[in-house]
Ligand code: PHE
């Protein structure tokens with residue numbers, strides 16, 4: 001059977017940017033910036049994105065296109081069976097991320113439904129907190145919405161790479177940008193917004209510390225979907241004439257832009273209404289609805305916000321599901337449709353204890369963490385960094401020549417950054433990630 005391909009360059013960039021832009025940028029980035037010192041965090045994040053992030057995304061796409069296979073098959077084809085373990089880590093990580101990602105995606109659907117129904121207690125912050133806590137700790141409601149989210153994800157992936165993924169992201173991503181712009185304009189024009197803009201954009205360098213650097217590097221990896229084979233999978237459907245460095249830069253630019261816009265949406269509004277920017281994970285589900293509750297036209301803006309968050313989550317979840325689906329389809333010859341259904345159901349089932357861990361199963365702990373936190377922790381601190389180190393060492397030391405050919409399309413493009421790429425892959429990225437992991441383990 002002929003391998004599927006993206007229909008156009010625009011389609012590929014939208015798909016890859018869709019994978020990158022997700023809950024990570026709109027939900028996590030603003031609250032990280034809020035707790036990690038605002039402008040300085042943003043500056044460090046952008047520097048990492050433009051260097052290590054850009055190089056690694058090029059490497060992943062190049063590995064995918066060179067091998068035209070799922071991550072396990074790709075590492076095996078290019079580097080032998082020992083290296084295929086790196087792909088296995090990626091497939092497992094895809095399972096893990098999607099199982100908790102889909103639970104949060106489910107909350108987004110729940111909040112969208114409640115926003116339309118007008119049942120979010122926006123007028124009273126204490127009630128909002130209780131409402132969010134009530135949703136996530138309930139038994140059936142979050143599991144139901146987690147199921148709905150998985151069904152949507154599976155539906156798109158089953159329809160295929162060009163017919164499902166590409167067709168949907170070509171509509172959804174531009175829509176996301178429009179909705180986001182509407183919200184940002186509203187937020188930065190609120191009276192009192194300036195303080196938030198300043199907090200977010202003007203770096204206070206005294207805020208730079210080990211914890212912040214760790215958070216910025218982890219966030220750069222997660223928000224570019226690196227270290228677990230998503231970009232290898234998407235790259236494997238790319239045609240041989242596509243300009244990988246150019247497309248990669250677009251994806252990095254768009255992901256960083258949405259992070260910045262996400263910050264400009266959330267933080268000025270939070271400051272304008274005198275709320276706490278360091279509220280943490282509850283910022284988008286508790287603090288923002290409180291802001292909408294006080295805003296003229298807040299009902300409409302709230303619907304726009306949760307619709308946008310859902311789109312961001314979906315265009316990422318399809319890239320997560322696409323990895324194991326490609327793996328089972330290619331390595332075991334299972335038809336794509338069945339592969340998507342079986343894997344989707346499995347991920348749904350792993351998501352159930354993730355969801356219950358925030359409520360009735362909260363007391364079951366391993367290493368002091370409930371199941372949800374454990375999954376997030378394992379991914380952030382172990383599987384993504386290890387996947388990232390192995391991928392960069394592979395690109396820099398094992399298949400560097402091949403990388404050069406892919407990035408320059410066999411010499412027909414002039415790729416000026418090969419020396420920088422080589423340095424980053426061989427030394428800078430692995431060392432940076434090892435340092436981050438060790439300093440995290442030693443708790444400094
Ligand atoms: N990049 C996505 C986000 O920021 C998350 C993601 C990670 C998606 C890894 C795919 C692979 O939300």
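Using N, Cα and C of the backbone, Cβ positions are placed for all residues, glycine too.
TrEMBL annotations:
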| type | residues | note |
| --- | --- | --- |
| TRANSMEM | 12-33 | transmembrane segment |
| TRANSMEM | 39-61 | transmembrane segment |
| TRANSMEM | 82-104 | transmembrane segment |
| TRANSMEM | 143-162 | transmembrane segment |
| TRANSMEM | 174-194 | transmembrane segment |
| TRANSMEM | 214-237 | transmembrane segment |
| TRANSMEM | 249-275 | transmembrane segment |
| TRANSMEM | 295-328 | transmembrane segment |
| TRANSMEM | 340-362 | transmembrane segment |
| TRANSMEM | 382-400 | transmembrane segment |
| TRANSMEM | 420-442 | transmembrane segment |
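Residues of the same chain lying 6 or more positions beyond the ends of the transmembrane segment (295-328) and with a Cβ under 8 Å from any Cβ of it are 15, 18-27, 69-73, 87, 90-91, 94-95, 97-98, 101-102, 104-105, 108-109, 111-112, 115-116, 118, 120, 122, 149, 152-154, 156-157, 161, 164-165, 168-169, 172-173, 175-176, 179-180, 182-183, 186, 190, 225, 228-230, 233-234, 236, 258, 265, 269, 284, 288-289, 334, 336, 339-340, 342-344, 347. Here the transmembrane segment (82-104) does not touch the transmembrane segment (420-442). Their Cβ atoms form fewer than 3 pairs under 8 Å, with each pair 6 or more residues apart.
Contacts between the transmembrane segment (420-442) and the transmembrane segment (39-61): present, as 3 or more C-beta pairs lie under 8 angstroms, all at sequence separation of six or more. Beyond the transmembrane segment (12-33), the same-chain residues lying 6 or more positions past its ends with a Cβ under 8 Å from any Cβ of the stretch are 6, 41-42, 45, 57, 61, 101, 104-105, 108, 165-166, 169-170, 172-174, 176, 200, 215, 219, 222-225, 230-231, 234, 237-238, 242, 247, 250-252, 254-255, 258-259, 262-263, 265-267, 279-281, 283-284, 308-309, 312-313, 315-320. Most Cβ pairs under 8 A with the transmembrane segment (340-362) among the ranges 39-61, 143-162, 174-194, 249-275 are made by 143-162.
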